[in-house]
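Record features (TrEMBL):
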type	residues	note
DOMAIN	1-112	domain 'SSD'
TRANSMEM	20-46	transmembrane segment
TRANSMEM	52-72	transmembrane segment
TRANSMEM	289-315	transmembrane segment
TRANSMEM	322-342	transmembrane segment
TRANSMEM	348-373	transmembrane segment
TRANSMEM	394-417	transmembrane segment
TRANSMEM	423-452	transmembrane segment
Amino acid sequence: LCMKRKPHRGIDWIRSKPWLACAGLFSTLMAIICGFGGLMMIGISYNVINTIIPFLIIAIGIDDMFIITSCWEQSDENQTVPQRMSQTLSHAGVAVTITNVTDILSFAIGCINFREGLDPGNLVTEDHYISKYFDDIKEFWKAGPQLHIGILNPPDLANSTAREAILSTVAAFENTDFSLGREGTVFFLLEYLNYLEQLNVDLEDTAGLWKHKFRSWLKYTGGASQWESDVKINEITGVIEAFRFSVALKNIVEPNQHKLAAKLMRSIADAQPFHVVVYYEAFPFADQYLIILPAMVFNVSVTLLCMTVVSLLMVPSLPSGVIIFVSIVSINVGVFGYMTLWGVNLDAISMISIIMSIGFAVDLSGHIVYAFVTSHGDTNQRVIGALQALGWPIFQGASSTIAGISVLYTVDAYIILVFFKTIWLTMAIGAVHGLFFIPVFLSVFPIGFFCIPKTSELS
């Protein structure tokens, strides 16, 4: 009702300006062409994630057109075009600036904080053979994948105490919830000890047994093809400089299991009296799971701080800036929750899309607060004036963005669907905040609470 109080609000087929809409769409298309061209000129190649960019930019790029059109319709029809344009930009200029500055900042923070370790199966469509491969390989992760443990600068194997320390290290890796035990361990030292036991050889600490005979066993009896890549021996001194062994793992199918296994194995390695390193091919995924939550908290905090600073610079009222901050947090809490219900996991892609959504949340909440600050009268009159000025453009912008990205829902690719779900939720929840929650919240406080300077009120 507030959006319809004045004449010529909403849809007016007689006064509609289709050529203006075409011009707004054309300017967005030009921005896309220039952006892609500039990136290709500096050597950035096209990849699958760029597929969503045209839909995203068209959807959000025309939002400013709705604001400018609404402010134009509110200008005095008896004035000249330059005068009306001046009045239009005096109202729409800050709102448009908030939109673009916050979007640029949120996109920039998302770009510079991309993390390695994304599941490769999520980089292709669901029906791609690579995706099926990573689904099938999870069956093999239930039992049998090999954890490689390297010991650098090991102690002298001729010393029985040193051998016991090494065997104790092996046992530490074998006796975990993610290990198969001794039957899954491949270690040349265990094989050599079995070999000596079969020969009934006393395990005396002699160089002949642990250097000369050991090297002969590695080369002939033990099989050079089996152990040659596991042991590094100094050809001059005959000293073992490094070696490795492997332990079979189990129960590392889910992301949280990868994370827990990586933390456990690395903690065991750090607790040993010599330099031990561990490697498993899926640990890059585990590294992502380990850093993604603190990285997201940090990046979201930085983004919120940047958005708040921009809002305070553009909206000359500290309490109003705080309200924008609270609304951004509220919108993104809703987005986080519904993304979880919609089947989106926390990974590098969802982190970037969440950071990007913060910029969109500022648009929807900042516009209505700015219109409130620049209106006249008491609190209720300002709320009505804000909805009259920018309520309909906010609805148009949110609905057009949702319509523009809805086509992405038909693409069966994880990355594209994550961006679709994030933007859809941000626009839907943000529109509800901008058109209902924020106006109601603003109307609760007296006008003196907002400390609005008279110079900020637009005529």
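Each residue, glycine too, has its Cβ placed from N, Cα and C.
Keep in mind that TrEMBL annotations are predicted by a computer and have not been checked by a curator.
Beyond its flanks by at least six residues, the transmembrane segment (322-342) meets 300, 304, 307-308, 311, 315, 350, 354, 357-358, 361-362, 364-366, 369, 421-422, 425-426, 429-430, 433-434, 437-438, 441-442 of its own chain at Cβ-Cβ distances under 8 Å. The transmembrane segment (20-46) shares the most Cβ pairs under 8 Å with 52-72, out of the stretches 52-72, 289-315, 394-417, 423-452.
Within the chain, the transmembrane segment (52-72) has long-range Cβ neighbours (under 8 A, six or more residues past its boundaries) at 17, 20-21, 24-25, 27-29, 31-32, 35-36, 84-85, 87-89, 91-92, 95-96, 99-100, 103, 360, 363, 367, 389-390, 392-393, 396-397, 400-405, 407-408, 415-416, 419-420, 423.
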